[in-house]
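> The structure is given below, and queries will be raised subsequently.
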Amino acid sequence: MDLSTAFPTLVTDLPAAFSMSVVGGVGLAMIVLDAFRNDHPAIPWLGVAALGVSAVWEITHLGAPPSTVFFETLRTGGFVAFINLIILLTGLATILLSVPYLNQLRYDYGEVYALIMFCTVGMIMLGSANNMVSIFLGLETMSVCLYVLTGFIREDEGAVESALKYFLLGAFSTGFFLYGIALMYGATGTMALPAMAAAELGTLSTRLLFWGGFALFLVGFFFKVSAAPFHMWTPDVYQGAPTPLTGYMSTATKAAAFAALILVLVHAVPGGEWQLSVAAVAVLTMVIGNVMALAQTNVKRLLAYSSIAHAGYLLVGLSAGTSAGYAGALFYLLVYAVMNIGAFGVMSMLEWDGKEGREQTLSSLAGIANDRPVLGSTMGVFMLSLIGFPPLGGFIGKYLVFAPAVDAGLTWLVVIGVLMSALSAYYYLRVVYVFWMQSADEVAATDPVRAAAFPRATVAATGTLVVCAVALVVLGVFFGGVLETTLGFFETTAMATAP
């Protein structure tokens with residue numbers, strides 16, 4: 001690298017990192033502001049403004065052509081802008097939902113919002129990586145922030161225990177991930193994704209080295225997206241973490257990790273040798289997620305197993321290995337982010353002080369829709385969309401990941417996916433039934449912990465849930481424009497070799 005041209009190149013490429021620069025810079029400003037007053041009311045709104053401005057920037061770049069920046073370590077273009085948009089909007093919704101929640105717990109510290117911003121920066125880097133080093137840096141930046149966010153409520157033993165489990169298992173999975181990268185580098189002699197695909201794997205030993213490394217690499221990714229059999233951490237961590245941040249963890253993390261995985265599959269291993277392996281993991285993930293969710297009485301654990309199942313549905317789209325499958329997965333990531341952040345947002349508003357209030361069993365929430373009809377109505381929309389009920393976005397999302405798999409000859413995989421999706425109707429509709437049709441008096445004898453009044457939600461937080469519910473209807477009816485956009489990425493962006 002010529003040092004005389006390196007600095008001008010970095011300056012030229014800086015606009016491509018607009019979102020990372022703005023979000024990261026505001027995160028630093030939050031820490032400085034927090035040093036003077038740790039509960040400054042302007043801190044979360046600084047985050048909302050930064051994420052909102054960055055989201056608008058990404059919308060204007062959805063039609064941008066593919067390119068690479070920062071010495072070909074990061075990608076730009078419509079594909080990256082779409083993923084960044086999901087991540088930024090999810091982060092924005094998380095802050096709006098966290099404000100009343102953290103105020104109630106008296107944990108509205110500036111560093112919490114700063115960590116959300118830094119975590120978002122890591123996710124953006126992960127979703128735009130064109131190099132294995134960039135993938136690792138983005139993944140670890142995201143992960144370290146999530147470890148802290150999971151357990152920052154120090155008085156809550158469940159949260160601290162969840163954070164410790166997440167950290168230990170996350171560090172363990174990172175070892176597999178790094179070793180996989182090392183083996184792939186040893187086989188190809190490069191860290192750049194397109195160069196890996198172009199490398200000669202002429203001998204049997206070289207091929208074994210590469211595919212062995214790729215298998216270990218996938219283990220690390222499957223851990224991050226809660227795919228079976230690397231999902232065991234998910235229910236405990238989701239249950240113990242602060243509820244709005246659980247929603248962030250379950251949505252934005254998946255968006256960034258699946259985006260990086262798509263880029264690796266498209267650029268580094270464009271052949272179809274991996275399809276059956278990914279399909280097998282998809283089957284295991286769908287079956288375990290849905291079957292285990294049937295027995296759950298804690299709503300957050302139920303949503304955790306639901307999150308595992310939806311990772312399986314996304315893997316069905318990737319298993320097709322086609323442009324339509326990848327485009328369907330992108331659409332599904334958008335829909336999944338909306339309905340899951342909404343579901344966890346509702347649960348955060350139905351949580352009251354004390355251990356009993358944080359348990360959130362189904363029985364403790366019986367008839368809550370009668371007291372909070374807006375929350376009950378939006379939760380109903382989110383549950384129906386998670387089932388895949390038309391005309392909501394979840395139905396279109398599942399169709400768009402299942403149809404390419406059928407076209408790719410994986411009909412057996414789609415049959416399993418449809419059966420598991422039908423099975424999920426039981427536990428999702430059970431939530432709707434408890435919210436709307438079961439009286440609190442019916443369970444008073446067995447669950448006397450029911451609070452007389454739930455925390456008052458802010459207008460911004462309630463508005464966020466309503467917007468999410470309306471967005472699911474819009475995405476289910478007027479999905480053509482979004483689908484056309486995502487298909488275009490794989491004709492001009494992700495499938496193209498960037499210069």
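Residue positions begin at 1 at the first shown residue.
Using N, Cα and C of the backbone, Cβ positions are placed for all residues, glycine too.
OK, Swiss-Prot features for this one:
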- 16-36: transmembrane segment (TRANSMEM)
- 42-62: transmembrane segment (TRANSMEM)
- 77-97: transmembrane segment (TRANSMEM)
- 109-129: transmembrane segment (TRANSMEM)
- 133-153: transmembrane segment (TRANSMEM)
- 167-187: transmembrane segment (TRANSMEM)
- 252-272: transmembrane segment (TRANSMEM)
- 274-294: transmembrane segment (TRANSMEM)
- 327-347: transmembrane segment (TRANSMEM)
- 376-396: transmembrane segment (TRANSMEM)
- 411-433: transmembrane segment (TRANSMEM)
- 463-483: transmembrane segment (TRANSMEM)
> For the transmembrane segment (42-62), find every same-chain residue at least 6 residues outside the stretch whose CB is under 8 Å from a CB in it, and list them.
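Beyond its ends, the transmembrane segment (42-62) has Cβ neighbours at 18-19, 22-23, 25-27, 29-30, 33-34, 76-78, 81-82, 84-85, 88-89, 91-92, 95-96, 98-99, 108, 110, 113, 116-117, 120, 485.
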> Might you confirm whether the transmembrane segment (463-483) is in contact with the transmembrane segment (411-433), defined here as three or more C-beta pairs under 8 A between residues 6 or more apart in sequence?
no
> Please work out whether the transmembrane segment (133-153) lies in contact with the transmembrane segment (463-483), by counting C-beta pairs under 8 angstroms that are 6 or more apart in sequence and asking whether there are at least 3.
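No, since the transmembrane segment (133-153) and the transmembrane segment (463-483) share fewer than 3 Cβ pairs closer than 8 Å, they do not count as touching.
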> Need a quick answer: max count of Cβ pairs under 8 Å to the transmembrane segment (16-36), which of 77-97, 167-187, 274-294, 327-347, 463-483 is it?
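Between the stretches 77-97, 167-187, 274-294, 327-347, 463-483, 77-97 has the largest tally.
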> Residues sitting near the transmembrane segment (252-272): Cβ under 8 Å, six or more positions beyond its termini, same chain?
75, 79-80, 83, 86-87, 90-91, 94, 119-120, 122-124, 126-130, 135, 138-139, 142, 146, 184, 193-194, 196-197, 214, 217, 221, 224-226, 307, 311, 314, 318, 321, 326, 329-330, 333, 336-337, 490, 494-495, 497
> Counting only pairs 6 or more apart in sequence, are there at least 3 Cβ pairs under 8 Å between the transmembrane segment (109-129) and the transmembrane segment (274-294)?
no
